[in-house]
Amino acid sequence: MDPDPDSESELLSLLTQLMFVEYFNLYWDATPLLTELILLVSSMDLDSQPKPESEFMSLTTQAISLFNSMELESQSKLLSDLMSMVFQNLSLFNSALDSEATTLFGKIISLVSSMDLTTEEKPESDKLVLLIQKLLSLVNSRDSDSQPKRLVELISFISEKISLIDETLEVKPEPELISLTHQILSLVVSMNSNSGEYISLCPQAQVKLENGRFRVLEDVSWRTNNKWHCLSVNWRTFKLSREEDTLHFICIGCNGDNHKEFNNVPVEINHPLHRNHSLQLVVLQEDRTRDCYCCDEALSRILYYCSACDFAISILCARKPPVFLINHHRQEWHGHTLALFPRQAFLTCNLCALADPSSPIYMCPPCDFVTHLRCINLPRVIKISRHSHRIYFTPSFDQEGLSCGVCRRKINKLYGGYSCIKNGCWYAAHSRCATQKNVWDGVELEGVPEENEEEVDPPFATKGGGVIRHFTHRHLLRLDVDTGRDYDEDKLCNICITPIYFGNFYSCTPSCDYNLHETCANFPRKIDHPIHPHQLNLEAGYGDGEINEYECSVCPRKRTVGFLYRCRKCFYLHVQCAIASEPLDHPSHIHPLYLTSKPDEEQRKCSVCKKSGHCPTKETFNCIEECDFALCFECATLAQKVRYKHDKHVLTLSYGDKTSTMTYWCEICEERLNPKERFYSCDEYCCVTIHIECLVGVDFYMKPGSKWFNKYGAEVSVLPNNHHMSRPFCSICKKRCPHKTFFQCNGFEYCSRSCYLLKVKR
């Protein structure tokens with residue numbers, strides 16, 4: 001090669017791209033880059049490079065010269081194998097320099113790395129064969145008779161060598177070639193970054209939130225003590241706040257020892273708000289967190305923590321000096337200067353009525369006035385999701401015996417809270433209850449004039465004779481009155497995606513097959529719901545071509561089509577969950593149930609399904625008597641009455657008898673029923689009993705015939721499972737799919753969404 005400074009730039013560019021390949025695209029994207037890199041290096045004339053050499057080219061020259069002078073027999077087996085692989089790659093790719101071949105090879109590496117070649121299902125193996133055959137036809141033009149043998153050799157070669165690089169890098173003692181390679185890559189990283197823009201974080205322990213407290217786990221489990229993992233491609237980078245430009249990073253390869261060139265956050269500090277113990281830098285094991293002691297904002301993944309006192313603050317708050325004196329600007333609440341009480345203490349706050357040590361306390365000793373820091377700036381006028389009028393802060397209440405409209409507990413009239421000032425309205429709420437994020441939208445309305453309520457269009461226009469034009473459908477719909485019709489299990493409502501068991505419904509022409517329950521057709525286009533501060537709009541869910549199936553914000557069930565109530569920002573409700581509001585009279589309990597949101601409360605365990613934490617939010621319907629009964633949205637919205645195609649009667653959901661000794665059998669799967677758990681049973685004399693999953697399925701909001709595209713771009717189809725002589729086998733549990741629907745993706749069948757997700761995670 002002629003002396004050309006561009007070769008250094010090209011080499012640096014390739015190494016830079018290689019270093020910053022995302023991990024999940026490693027084999028796909030890195031292989032073509034490695035190929036170009038090998039070809040470039042093999043074609044370089046090191047003696048003719050411009051002088052003086054840069055540090056980068058000097059190290060590169062040393063590494064290449066060392067590589068060329070090495071004898072395979074004298075090296076460790078792993079290094080010898082790696083060098084041999086490089087030579088084989090050179091001979092292969094020198095005959096196929098075009099990008100199509102390198103891209104194909106990248107796809108092959110990606111596929112092989114995810115396969116078990118001894119047990120993989122046929123469709124993936126066929127795909128691999130096709131890719132390799134296409135690559136071979138590009139690489140050489142040998143006769144077709146030699147293809148099968150070369151095919152087997154290439155598959156074997158790829159599967160054997162794919163992990164060789166990682167294994168070689170861990171050889172001890174470290175070969176000189178590996179050391180030089182590490183120096184080159186470290187230099188590439190430093191040339192493409194500004195040390196001043198990064199700050200190193202070295203958490204010393206992991207914590208996990210359990211029942212509102214952090215529990216310290218073992219030492220940081222993902223730290224590998226491998227210097228190759230110290231390269232920036234392996235860093236976990238993030239910002240501590242949206243306003244901050246500086247990037248912080250955690251290295252998975254070391255405890256900060258290999259990153260002395262970067263500023264770092266202290267691993268242990270002393271803080272004036274917690275003088276008894278030092279605070280240690282820790283990392284959250286998962287996304288569940290709680291609020292910072294100082295600012296009342298959610299703590300990020302890295303925080304300072306005292307395990308002895310369960311004291312936690314953010315890094316940003318740890319940097320700020322505490323404010324010892326506050327001149328209170330809310331003169332109607334308290335007109336004197338407030339002083340910081342520098343300890344955690346169970347002192348009752350005059351503004352929120354809670355003796356809560358989770359926020360700094362300020363006080364006026366002469367007046368016996370105490371307030372949390374987070375309560376000092378409570379809004380004066382707000383609108384919450386639990387009441388139709390604005391409510392106003394009051395430092396105390398005039399009436400006795402008031403109950404909070406959010407948590408349903410008694411209100412102490414001596415302390416602050418919110419109340420409605422409309423004539424004849426006695427609504428009141430605790431300060432903390434009324435300002436929860438799921439109740440209040442965060443907007444202070446003091447001085448803001450009240451707006452007239454927006455007029456909402458009705459869901460349909462009446463044409464007469466039982467005919468309507470519904471906003472969800474382009475055709476006219478006609479009312480079908482229930483006069484004892486036969487049950488058709490394939491006829492679903494297009495809004496709620498559940499069967500039309502009984503009752504009136506609207507339908508389009510038979511060829512259109514668009515049906516709506518009469519009740520669903522009357523759902524309003526806009527609603528206010530108690531558990532979300534913004535108005536919700538009735539909208540169609542994702543259609544074909546969207547990235548993923550959509551989920552409800554209060555129940556774990558997913559669906560692919562149908563309608564839902566949606567906030568413009570981040571909140572979704574299945575229509576079934578949206579119409580389940582308080583007070584809820586439910587057959588599972590003798591008392592009315594309420595959505596009693598309480599500040600900092602963990603999700604309660606459902607008294608019916610015995611599960612907790614399975615829903616995206618912590619909301620449950622709760623009994624406000626002495627029962628300690630809670631009902632999750634998933635159980636609250638399960639159909640109470642259904643139909644079965646082989647029984648002309650209505651089936652009712654039975655909640656079981658804890659003392660029953662009867663023996664019941666499922667009509668569908670013919671297995672024994674547990675009489676102490678829920679099941680469907682006939683209301684009449686025919687004694688039909690059926691498992692819930694057998695009758696309605698486990699993914700009953702997934703409409704047969706629908707599909708979506710997952711995050712990897714693969715099409716996932718929802719198929720009916722009730723019209724076949726033999727049901728398909730699930731690729732995960734290796735049993736026949738027992739439910740009303742099954743899933744199909746890339747030629748594989750899955751009996752449920754949970755089995756499909758297991759495959760995706762692999």
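Using the three backbone atoms N, Cα and C, a Cβ is placed for every residue, glycine included.
Caution: TrEMBL annotation is automatic and unverified by curators.
Taken straight from TrEMBL:
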DOMAIN    272-318  domain 'DC1'
DOMAIN    333-376  domain 'DC1'
DOMAIN    386-434  domain 'DC1'
DOMAIN    471-521  domain 'DC1'
DOMAIN    530-578  domain 'DC1'
DOMAIN    587-636  domain 'DC1'
DOMAIN    645-694  domain 'DC1'
DOMAIN    716-756  domain 'DC1-like C-terminal'
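When Cβ-Cβ distances below 8 Å are used as the criterion, the domain 'DC1' (333-376) is approached by residues 272-275, 291, 293-294, 296, 309, 311, 322-327, 395, 411-412, 415-417, 430-432, 600 of the same chain, each at least six residues removed from its ends. Here the domain 'DC1-like C-terminal' (716-756) has long-range neighbours at 121, 123-124, 489-490, 549, 558, 560, 669, 693-694, 696-700, 702-710, meaning same-chain residues at least 6 beyond its ends whose C-beta is under 8 angstroms from one of its own. Ranked by number of Cβ pairs under 8 Å to the domain 'DC1' (386-434), the listed stretches 471-521, 587-636, 645-694 are led by 587-636. Across all of the domain 'DC1' (272-318), the predicted model scores a mean pLDDT of 91. Shown for the domain 'DC1' (587-636): DSSP residue counts in helix, strand and coil, namely 4 helix, 7 strand, 39 coil.
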